[in-house]
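Taken from Swiss-Prot, the feature Zn(2+) binding site applies to His12, His14, His197, Asp278. What Swiss-Prot lists as substrate binding site is His14, Asp16, Gly170, Asp279. If you look up Swiss-Prot, you'll see Glu200 marked as active site, proton donor. The annotation site 'Important for catalytic activity' is assigned in Swiss-Prot to His221.
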Amino acid sequence: MIDPRLPLTDIHRHLDGNIRAQTILDLGRQFNLSLPADELEALRPHVQITKTEPDLVSFLQKLDWGVAVLGSLEACRRVAYENVEDAANAGLHYAELRFSPFYMAMKHQLPVAGVVEAVIDGIQSGCRDFDIDIRLIGILSRTFGEQACLQELDGLLAHRDAITALDLAGDELGFPGGLFRSHFNRARDAGWRITVHAGEAAGPESIWQAIRELGAERIGHGVKAVEDIKLMDYLAEHNIGIESCLTSNIQTSTVASLAAHPLATFLRHGVLASINTDDPAVQGIEIANEYHIAAPAAGLTPQEIRQAQENGLTMAFISEQEKQVLRDKIRN
């Protein structure tokens, strides 16, 4: 259960994986685009997971319709603003929204830096309107290769002060982290924090690579860490957080069942692990589902669920002073 005495966070939440089905329909009509259906309920199976996908790449294809309708920078601003509203409506006090500007720009050849600016504007407007603390994480979409990621990084760096951290996401097997060392060197030079999707499709070696070569302070998903006891010890000793996404890992066939999910193992090993959504609109879930249904099904005790909630704030890419402000806000 969610502890109302603690700030509720979601630190692994994709902005471009949380585009409302109604918004996809609206923007499709606005830009005269051909969609797989022209009514909301008929469209939903095309943009939302209705059954377990065979692998991560198949899961990611469900996200494509959301970005396919981003025909203007104003459309990008709209989905960013709606993401803040959705986070506030979910009861979150703090969220880190991550997005890939190249992925959002690609279909309609929008300027990457312009997409970043539009997203920032939408987020800032949403934070003013909905009284929630949101930070932005830029994603390099490894699936599109090193050169595309350079364009993406340049676009993000053009607005570096509004970006908190850099992430690497996409096809983990086809594009290992070592290809992006220079990208992450530049990110660290800019003062950004680092989180990396690793150990989701690939094994523990991908997590080691993210830590040693890219400077990862947190790992997205990281389910394969349980296969390497030395890695588990290292994560616990160095407070490298695991951003767990329970339902997502089932839907991508990364984990066979919630009962087999390693989150409880992480917590019992002393690893800093938290509960997050991933792509709420695509998954058809929200943060409450993860706490009330998924976490108990994954074998977490009420005390472990509370610990995971507390870990979310501990892992957040904000200062201790900012964390205390969030705690004080709950108490008041």
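Note that Cβ sites are derived from N, Cα and C of the backbone, with glycine treated the same way.
Keep in mind that this is a model prediction, so the values were computed, not measured.
Per-site Cβ counts within 10 Å over the recorded positions His12, His14, His197, His221 peak at His12. The subset of binding-site residues (His12, His14, Asp16, Asp278, Asp279) lying with their Cα within 10 Å of the Cα of Glu200 (active site, proton donor) is empty, i.e. none. Each residue contributes its Cα atom, and for Gly170 (substrate binding site) and His197 (Zn(2+) binding site) these two points are 8 Å apart. The recorded positions close to Asp279 (substrate binding site), defined as a CA atom within 10 A of its CA, are His14 out of His14, His197, His221. Shown are the recorded positions Asp16, Glu200; the one with the most C-beta atoms within 10 angstroms of its own C-beta is Asp16.
Cβ contacts within 10 Å of Asp279 (substrate binding site), excluding its own Cβ and spanning all protein chains shown: 27.
Here Asp278 (Zn(2+) binding site) comes close to His12, Arg13, His14, Gly17, Cys245, Thr247, Ser248: these same-chain residues lie at least six apart in sequence, with C-beta atoms under 8 angstroms from its C-beta.
The record gives His14, Asp16, Gly170, Asp279 for substrate. Within 8 Å of the mean position of their Cβ atoms, the other Cβ atoms in that chain belong to Leu15, Gly17, Leu60, Leu63, Arg98, Phe99, Ser100, Tyr103, Ile139, Ala169, Asp278.
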